[in-house]
Amino acid sequence: MTTSQYVDENGQDDDGYTKDGTVNLKGNPILRSNTGGWKACSFIVVYEVFERMAYYGISSNLVIYLTEKLHQGTVKSSNNVTNWVGTIWMTPILGAYFADAYLGRYWTFLIACGIYLLGMSLLTLAVSINGLKPPHCSNPSSIDCKKASTLQLAVFFGALYTLAVGTGGTKPNISTIGADQFDEFHPREKSQKLSFFNWWMFSIFLGTLFANTVLVYIQDNVGWSLGYGLPTLGLAISIMIFLAGSSFYRHKKPRGSPFTRMAKVIIASLRKWKIKVPNDPKELYELDLGEYTKNGKVRIDSTSTLRFLNKACVKVDTTNPWMLCSVTQVEETKQMLRMIPILMATFIPSTMLAQINTLFVKQGTTLQRNIGSFSIPPASLSGFVTISMLVSVVLYDRFFMKIVKRLTKNPRGVNILQRMGIGMAFHIVIMLVASFVERYRLSVARDHGLVENGKQVPLTILILLPQFILMGTADAFLEVAKIEFFYDQAPEGMKSLGTSYSMTSLGVGSFLSSFLLSTVSRITKEHGNHKGWILNNLNVSHLDYYYAFFAILNLLNFFFFLFVSKFYEYKAEVSDSLSVLRQELEIESRHRVTNSQEGSTNTQVNGST
């Protein structure tokens, strides 16, 4: 049975066209055999390898550029990095809005790519032209170093934030375009989508690995012009790769502003707050099924969760859309609102991710980095996050999931929230390990009289490896599951907005990191019994206390996650494909049992013979 020929749930031969409302660029129905699937996703996945190389080629080592070239202090440079990263992950809300409401994902993505490439090009010029960067300083931590001028800062940060606007249109749409290549109503394609997000993250971290190793080394040892020029070239290549696959892509039409549709439901409910909701859902207002099927949309049955919003679809003597909404529109709004507590539970783990390219890297600058004649760039340790992530994703997809799904009969092995919970538990361990490692580093600094002078501690930089490796393992569970959860649980017409939820989590986490770093630094300087927890001289600082504080935050957040996930209700599947997958798993399991019994019987017969 080929992908384009199968029997649908009604026992009828499929006509070969996709059933999820996807079309070609001209808006016409599209054949499954000629488009989509892994054939289309191959271009998208390769694009992501090059694009991630470009982004992390900038972000991984940014804190080093700010401290050594722009001569900024530990707290200021770290906050500048996390504020920029926070903006990077918050702008996808706007990109998702324009994609879902007006332009569609494909065109929103291409326009954003142009802005993204412009920002990267300006950034390369900012680190290459002598007039756009401060003069060299032999001791960047010295107060005598000349600070960057207003013009130099304006050009550099203007380029960074132009880049951020561009990524706002690419991030929420490229992964959604990839997921759109698999038809929700086709069991085989549905099963393929279950692995898509694993391999999507694999491609991300493959590009990240190159950035954290090769590009970081070039920036530290060859020059920033080449170190930023190569990521810019990589981005240009990635855009060309994406365009090369255009004829294979499936597209979903924009369905209007999701924010407006949600606002209508909330306002209609408030305006009719005195109206009683009938017990029979059939009495609620809903469009005919044909209105949905002819437009490739999905009708959703009424649920009892967030029952107050059901008032929006109680029939009244008006068809004003701000007074009367369909059941499906109400349920779409509920789906987006139900995910918000889960979203909030991801903020603290996202704050931990912000430490990788800030304080973790700054720790590395205080340790011995030489292996023979080779000097390890501190930011390259982020590569071990990537390696750990790559290995963990492959092991999860190829072994862990296959073993566990035989036990649970769940096509995913464990459900999405369980996978997220495992990742959150890892974050508690990570910050405890980071705290103990830093405590040991400080004790060695004291033993060698290196506290006040802030000189390099006689310990290898490789002592930081455990916290980087564990972070990659945590990402394999939490970050992959987070993207899949917010895409999967978002209603069909709001997929880009749903995907932006996972990016909003990273944005809020980055801003929260800036807030916590500034607040803790200020409070411990003013009210502590020492100079402060976070200073320019890390040998005087107490990052061990700071990391222990993060471990406690993660523990409290883990309990919060367990609480909200207990009450979360998954949305109903839009097709029977998962049921089909479960049946296949049950049949496979019965076959194994039968074969095992037959083997046992044959052994007994042979033995008695």
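Just so it is clear, glycine is given a Cβ too, placed from its N, Cα and C backbone atoms.
What TrEMBL lists as region 'Disordered' is 1-20. As annotated by TrEMBL, transmembrane segment applies to 106-129, 149-166, 196-218, 230-249, 336-356, 376-396, 416-437, 457-478, 499-517, 545-564.
Residues 342, 345-346, 348-349, 352, 355, 360, 463-464, 466-467, 470-471, 473-482, 484-485, 488, 544-545, 547-548, 550-551, 554-555, 557-558, 561-562, 565, 568 of the same chain lie 6+ residues outside the transmembrane segment (416-437) yet bring a C-beta within less than 8 angstroms of a C-beta in it. Against the transmembrane segment (545-564), stretch 336-356 has more CB pairs under 8 A than any other of 336-356, 376-396, 499-517. Of the two recorded stretches, the transmembrane segment (149-166) lies close to the transmembrane segment (106-129), with three or more CB pairs under 8 Å once pairs fewer than 6 apart in sequence are set aside. In terms of C-beta pairs under 8 Å, the stretch of 106-129, 196-218, 230-249, 336-356, 499-517 lying closest in packing to the transmembrane segment (376-396) is 196-218.
When Cβ-Cβ distances under 8 Å to the transmembrane segment (336-356) are tallied for each of 106-129, 230-249, 457-478, the top count falls to 457-478.
Long-range contacts of the transmembrane segment (499-517) within the same chain: residues 75, 78-79, 82-83, 85-90, 92-93, 95-96, 171-173, 175-176, 339, 343, 346-355, 358, 482-483, 485-487, 490, 534, each at least 6 residues beyond the stretch ends and with a Cβ under 8 Å from a Cβ of the stretch. Distant neighbours of the transmembrane segment (106-129): 25, 54, 58, 65, 69, 95, 98-99, 152, 155-156, 158-170, 173-174, 177, 224-225, 227-229, 231-232, 235-236, 239, 242-243, 246, 249, 251; these residues of the same chain sit at least 6 beyond its ends, with a Cβ under 8 Å from one of its Cβ atoms.
Residues of the same chain lying 6 or more positions beyond the ends of the transmembrane segment (230-249) and with a Cβ under 8 Å from any Cβ of it are 25, 34-36, 39-40, 42-44, 46-51, 53-55, 57-58, 106, 109-110, 113, 116-117, 120-121, 123-124, 174, 177, 181, 207, 211, 215, 218.
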